[in-house]
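Structure record follows, encoded as C-alpha cells.
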Amino acid sequence: MKYILALLLILFASYSDIFLYRIHINPAPPSQLLIPLFLAVFILTYPLKSFIDIVKSHTFKFLLFLFLLSVVYAAFSEASQEILISKISLNLITLLFYSFSLHFFRTENRQTKLIVLVVSFIVLSVSIWFDFLIGLPEYSTKLAESVRKGGFGENPNQAASGVKFLALSILSLIFMQTTKKYLVVALLVATVFITLSRSGIVSVILILILVNINNWNPRFEITLDKLFKSFFKMIFLFSLLYIALLSLSDVIKTNFPAFTRGAAGERLDMILGKSDKGVIEEDTHARGGRGALFIKYLNEFMEEPLGHGTGYTTDQNFNSLNTHNYYLFLAVNLGIIALGAYLFYILFGFRLSLRYDLFFYFIFWTLIFFEGFISHGMLYERPIIICLAFFDSMIYKGINHELNE
C-alpha cells in the first residue's frame, strides 16, 4: 500500500496525473479519480490514531483557517456558483492532501522519501526537455503553438516552480554527496532556464546564494569569516553559470529560431541582461503585466479591505486575469484577516527554522515568501504542497513527540 502512495505522490508532484488525463489514459480528472484514490489508500494504510495529531501542526491550522474562511466568504461573494464550489473544494483537497503527505514523509524512511522526490524531479524535468526538444502529444493548440514549454506542468512558470521546490527538497537530503548534489543543481539550472521563467531563475539564484553562504551546512553556520570566503566562491560560481547560460542560449537560438524573435526572444535577452527594456517597465506598462495587475488589485483591496468574497479574482465576469500574487489573492478575496494570517504563518515558518536549527527549512520559507509575489495559486500546486509536507516533516517527524511539546 505504501508503494502505491509513493507512486501517486510521484504522479502528483510531477504533474503526470494531469498529463495522463489530457491524453485520455486517465478516464477522469485527477480530482475525481487519483486524488480520491490517494486519500482512500492512505486511510486503509495508516490507522486513524497515528495521524490524528497532525491537526496540531501550524500548516494544518492555517489551511483549515483558509478553508473555513472561504466557506464564510462564499455567503456574500458575487462569483458564480461553479467557481465557489471549485475554490472551497480546492481548499479542502489541499488541507487533506497536505495532512496525508505530511504523515507519509514523517513515517517513511529516508530512502523512500528520496526516491519519491528524485523520481518526481526527473520526470518533471525530462518532460520539460522533451516538450522543448521534440514536443509532447498535441492535446492543446495553445500549448503546442507556444514557444515556451512547461512539460507536464503545462505553464512554464508553474513547471519551473515545481522543479525548484523538488530540487531543494532533494538537496536537503544529499547535501553531503558532492557529485550528486551538483548534478541536481546542473539539471535544475538548465531546466528552469529553458522555461524562460524569470521568477524561476531568481529562485535558483536565491537557492545557490543561500546554500553557499552557509557552505552547504544543514545547520545555521553563517559567520563573517565564512561569509567573506563564500563571497569569492559565489563570484566564481555565478561567472561560470552566466557563461554556461550564454553558451546554452546561443545553442537555443541556433537550433530554435523562434527564440530569436518576438516575446520569447525578448524574454531570453532580458534574462541574460541583453535587453534594452527593463523587467519592471515591461510588467508595469504591458497590458496584463504583473505590475499592472499589482496596481489594479492593490486599488481593489484598498477599496474593500475586508474582501470581495471567495473566488472574486477568479471569476472572469469581474476580472480577465487573476492577481498573479498570492498576497493580493488573499487580500482581495478574503480580506485583510486572511492576509494577516498568511503573513503570521510565514513568520512562524521562519521562526521554526531558527528554533530547530534547520537551514534548508529556512531556504524553503524564503522561496515560499518570494513565490507569493509571482503566483496566486501556489498553495493549489501539488509539488509545492508535497514539498511543504516534506519540510514540515522535519519538524513533526515524531508521532507525538514534537506536536505535544
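Quick reminder: no glycine exception, Cβ is built from N, Cα and C everywhere.
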Out of 3-22, 83-102, which range is noted as transmembrane segment by TrEMBL?
-> 83-102
Same-chain residues at least 6 beyond the ends of the transmembrane segment (32-48) with a Cβ under 8 Å from one of its Cβ atoms are 1-2, 4-5, 8-9, 11-12, 17, 26, 93, 96-97, 100, 103-104, 107
Please work out which recorded stretch in 60-77, 156-175, 182-211 has the most C-beta pairs separated by under 8 angstroms from the transmembrane segment (114-136)?
-> 156-175
Residues outside the transmembrane segment (359-380) whose C-beta sits under 8 Å from one of its C-beta atoms, at least 6 past its ends, are 63, 66, 90, 94, 157-158, 161, 164-165, 168, 171-172, 175, 199, 202-203, 206-207, 210-211, 214, 217-221, 290, 313, 322-329, 342, 346, 349-350, 352-353, 387-388, 391, 394-395
